[in-house]
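Undergrad: Here you go, one structure.
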Ligand code: GLA
């Protein structure tokens, strides 16, 4: 996969290729990222050199301008005035020293990374001789994926201290073209909204300084041709395998060339003592010419095979969660009652959400005191778990281990453990303070309290929550050390309790990124479970995440976040398209919908492998949303048809299905109609229609009213 020739290095696995070379004066030049080239023979290197007024001639060489050169490790100060990839006061050169190929990948220490088995890595060492700084660029390629990993390691090889201001994990220079940026934006309860706009001349950047990768601007990007669609056209995808502060920069220069960078935010003033190294988080790059749909398939396969923790399937019990039915009003009788009801209705797990620990009556108190509240759980968590499991259910528990309430034993004992302890009145979010995980004693404490609860009670699932932004921390190093500590804690807990499923949550999707995916089996996608809102959220998420990474439940109606009333069926159908599914309904609601709940639990249980392993396609996006989920064998196909707004006299809709095996025939569940794959893919499948008058309906009917959905199931015969 990695080939070296007099033209440079080519990393090419037949799906994607990356090429670079050592230019004059040892500068690392970027040659290509995109489709497979096969070989660098006959490859004409971009860019060419030309006379350009106002540019700086590098080292007295006329027409050699770093300011227009496509580089791998650009820095400021010698003629490149674009966004630097490496910044350190005094940096004046980065000159090629050596290169080596390694099997597998670079050890990134505590940082999460894609699994390296079968991969090959090219490491290129460059140095600044005057300053005594070494920058090693690592590029990793796997067979069978259109994905490449890139990172840099910066080491102080001098005998005096240095400061590192910036070390972009990813920095590539793309040739001139008219392109779009696609990225995700959002906020609490409306995460993962896709934005697309033209790249204009100038610098566009987004990122997070909130201490989490954030719902506002998670670290994902796609650069597309302006005419790229869902099915066609070039896409270059980028993602950072990191969960803290980050920054993405897209800079289009005056010649239309585009520099794309992803990494920790610049200006970090990271102290590097002699001999010390900084390892930047891993960035992933993807290329496809099959549109945004092709990009999603590339990410989905890669995430499932290389990022998500490996587990034996199935491990996604259909669950009942206490949050939206009971909030903080939980006690052992209520939980046992819910467990019995849940079991009767076909659920497989009971999840006790917030409210179970010492003194917790609302969100003002008790975070940090992770023992069962003696008043409401007098028999203790071990006994409660025993009772729940005796009903034949698994037991899950909510934690928010990175946080502390002022009103807590932990805070009274260790007021100095919080971030901002040295400040007058550190900011509170949801009435809570953040523990400073960069302190070793805090890290050890968090690991030990969670571990001791996992030892005390038979717990199969941990919902690991984090419900505020991190303020009062302007030290980039401590913010990064916080993340490394978090990764270490979760890694150790996973190792000690390999049977436990860990769910990542940060008020929903406030820390939903590829870093967390390496350590958590799934993510609580959003606190919004209203089906209409979730359509957009899950649709946006599906661009980067496979369904197996998403969690959902059927919550109450009217929805507690936006007040919208929705049918049980609409909630069921949208929640279907997540790897982990369940309910958060009170005993009364469960009873009122008993037969639907039972049927749904059966549906969810029987389709666990389909949602976690199937191929997901977005067939239509807009007022009507149509999704297709196809099992890996192609035997089973589920179509979601959702129409957000009711319309009088609506048009007949039909949709072409994708990726079925020609020659196969499919039978529609319910109606028994038989379809040939060719007909479904070429002519299309008619969608259900709202027939306000006809009785009996002439076509498969869609419910009347807003937010109408239908699940159509086809089976190969
Ligand atoms: C966050 C989570 C919710 C719930 C509450 C409990 O908001 O996203 O699912 O667990 O905390 O306080």
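Just so you know, glycine gets a Cβ as well, placed from its N, Cα and C.
So TrEMBL lists the following for this protein:
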DOMAIN    27-264  domain 'Glycosyl hydrolase family 36 N-terminal'
BINDING   188, 353, 354, 430, 463, 464, 465, 466, 467, 505, 527  substrate binding site
ACT_SITE  465  active site, nucleophile
ACT_SITE  527  active site, proton donor
DOMAIN    626-708  domain 'Glycosyl hydrolase family 36 C-terminal'
Undergrad: Given the binding-site residues 188, 465, 527, return the subset with CB under 6 A from an atom of ligand 1, ordered by sequence, or none if empty.
TA: 465, 527
Undergrad: Just jot down the residues in the same chain as residue 467 (substrate binding site), at least 6 apart in sequence, with C-beta under 8 A of its C-beta; none if empty.
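TA: Sequence-distant Cβ neighbours: 400, 403, 429, 430, 432, 506, 507.
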Undergrad: Summarise the domain 'Glycosyl hydrolase family 36 C-terminal' (626-708) by DSSP state, stating how many residues are helix, strand and coil.
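TA: Helix (H, G, I), strand (E, B), coil: 7 helix, 27 strand, 49 coil.
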Undergrad: Roughly how wide, in whole Å, is the group 188, 353, 354, 430, 463, 464, 465, 466, 467, 505, 527 that binds substrate, by largest Cα to Cα distance?
TA: 19
Undergrad: Let me know how many other Cβ atoms fall within 10 Å of the Cβ of residue 527 (substrate binding site).
TA: 21
Undergrad: Mean pLDDT over the domain 'Glycosyl hydrolase family 36 N-terminal' (27-264): what is the value?
TA: 95
Undergrad: Secondary structure at residue 188 (substrate binding site) (DSSP, helix/strand/coil)?
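TA: In three-state terms, residue 188 (substrate binding site) counts as coil.
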Undergrad: What does DSSP assign residue 463 (substrate binding site), in three states?
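TA: Strand, per DSSP.
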Undergrad: For residue 188 (substrate binding site), write down the residues of its own chain that are at least 6 apart in sequence and whose Cβ falls under 8 Å from its Cβ; none is a fine answer.
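TA: Listed in sequence order: 215, 507, 508, 510, 527.
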